[in-house]
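Engineer: Before anything else, here's the structure in question.
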Amino acid sequence: MLQCHCFLSEKMTPHDLSTPPSPAIDPEEVRLRKMNRRAKVIQELVQTEKDYLTGLELCIREVVQPLRNLQVVDIDRLFTNIETVCEVSAALYHRLHEAMADPDPEAVVIGEVFIQAKAALEDVYKIYCYHHGDANMSLKSYEKEEEIKQHFTTCILALKKIYDQEGKPNLLDMGSLLIKPVQRIMKYPLLLGELWQATPEDHPDCRPLQEAFTAAKIINVNINEFKRRKDIVMKYKRLEDEGTLRGKLHKFNIHSIRKKGDRFAGYLKILTGVEPQVRDEVFDREEKLFRGLEKAGRQLVKNVHCYLQYTQEMVSVAVQSVQDMENIVKDPNKNGTNGSLHNNGSDPYKHFKDNMERLVLVPLCSLQGMFTAPQKLIQKRYDKLLDYCSRLERSSSFSSSSSSSTTSSSPSLASEDPSAPARRDYEAMNALLVEELQRFNMAAYTILTNCVVSLVALLRELMDKILLRAPSIQQLPAPLSNIAEVQNSIMDDLNNLAFVKDNAQKLMERKVSFERQRDKKTTVLEVQHQTEEQRAWLLAEYPLSRLYQLKRKCNGCQEQDLSLLEGELVALLEDTDPLGSSSRWLVHTGGEQGYVYSTFLKQYNPLRDSQRAGQMAKEQQQQQPPAMVDDDFDDLSLFVSGSGSSSLRSFNLNTTDSSSTLSGLQGEPESLEDLEDALDTEAQQFYAVYAFQARCDQELTLQEYQHVRILQFCDVGGNKEWWLAEANGQRGYVPANYLGRMSYA
């Protein structure tokens, strides 16, 4: 036993480095051996490529074409782009044959052939390998039907007969035919690596072969990555399609709750600036364009539908109006064919509507349905980004805890980074979306452009057809260059006529009187003013802590609701309604009881009320119009949003002071209570969707994604396209379509 142990020890002990080396081999002999081996590898590469190409051509001729002619199966689903694969293989074999044409073995360069074919090989084999799994599933389902299986057997037997005649018996079936391209693309790195090892270092093909070997490996890596990305997308798409209520309840567990909680916490951290947001500028740009195209397509469909509806009602009247105009301008002696063109001709609107639906609405509606799936994937990409951020935070603690343990253990026992799977999923989905969103946006932009061009062409065609029905209209003289001055001169002459001036003045007086009576009548009927006796009773009966004041007019919309005016005083009886809602309070007005929403109320301040009363009394004594109280923002109504719009009733628009327009905008609250009142209003939080550069002092400059607070949803003139906004302590007007409401994505 001891002798055996000593023998094994001698065998396992490394040899002494001082032993004499083996006899040196002649470098020329080594080079000659490599060149002989290189010739054999090249012969194998070319011959296998030729056999592979022959097999593809026979498969297409004996299997693909007959099955396509029979139309019993979806042959493109089985063999995908095998014709394109055959074309690329034929081009590769032709280049290899040309490279082998040189009789000097030292001048044969194979590496350049594969370097030039890299892009074509990756493009065609990427598609074929990705659909290979679906092709196998389709083949299994087809083979369950006896009729289809018999067609497969007939084609395979015809192919076997050809191989037997050539002396190459082969065991063939449909599965072996489908997998041939997959096996071939995986064999290129092996053949090129072997050829590179067999090529001497001083040979001109050594470096190109090294690059070709690396390129072949990259092709296989890219194909695998492409298939992995597609599998991730298909997994989430399949989950969305199969998302029944039972399936969702089955997936509702502790893990899913924790995942959603981590995502929401990560979103709050990014929103509050605690953690930086991981951004991809290319994806952000493409997603913004994607959202814009979706909105543009949806709006265009809506506008076209509305236009068709209005045009249908308008065309018949317009045609008759044109004919009446023609009767006016043409010779009265030729008035015998009135309406004959319209009655005997075809309806121009029907042809216009059919073409509009075929050339504009059908493509737009089809495009609109294609936005749904990318939107879900974009949302899933955001979820994966939040998962990656949360895993990244955990990995920092993981790395600190594992660093001490790995020092005492072997590196092979170290665990994988917890953020690695989440990072791979996010990067795969992000890369796929970046690649396909660019193609999708380009295609959608082209479709939208073509639809707009078709819309313009159809409108021109409709106008031309209408004008053809009234040729005399086209003979009208062109308008004068100074038509505005001519029209104003004629209007001045008309206004100088006595009966026109008198009637116009009486009509205006009658209209103003009617409007005043109507406004007065409706005001009295809508809301009754609070009397001084009622106000005094409330002040004497209730403490100041129970007294509130109306910030703005309140219209009752439910049973037992009160309609009150701005500034009226109420006493709080209960801070809930019978249903338990704390936003609807029971109040007493001094004359009646009822419910008012708490958002319309503010705590009563007797000092401010007395100052306001003294100011108003002083102004009445001086017989001057009411002045604007700068220290009370409620008078300016700047912060009242209401139903989405408000008015600047406190502005004195008739004053001659040019700075009075923005005097209320630049004022600051003089007391802490006024500031609380201003912040208590229903101002909405928005952000700048696009950057905006102010062109005057009344406008506000905004950067993209900058947060703003909307003070008023219209300008002084009531135009709702311009909103009064506040950002960084500055106020000014911003276009409404440049702003977006803050919401959780």
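Yeah, the Cβs are placed from backbone N, Cα and C, and that goes for glycine too.
Keep in mind that TrEMBL annotations are predicted by a computer and have not been checked by a curator.
Since the structure is predicted, the reported quantities are computational estimates derived from the model, not experimental observations.
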Engineer: Between the candidate ranges 509-535, 644-670, where does TrEMBL place the region 'Disordered' annotation?
Structural biologist: 644-670
Engineer: How does the domain 'SH3' (543-606) divide up by DSSP, counting helix, then strand, then coil residues?
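Structural biologist: Across the domain 'SH3' (543-606), DSSP assigns the residues as follows: 7 helix, 26 strand, 31 coil.
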Engineer: Could you tell me the mean pLDDT the prediction assigns to the domain 'DH' (37-226)?
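Structural biologist: On average, pLDDT over the domain 'DH' (37-226) sits at 90.
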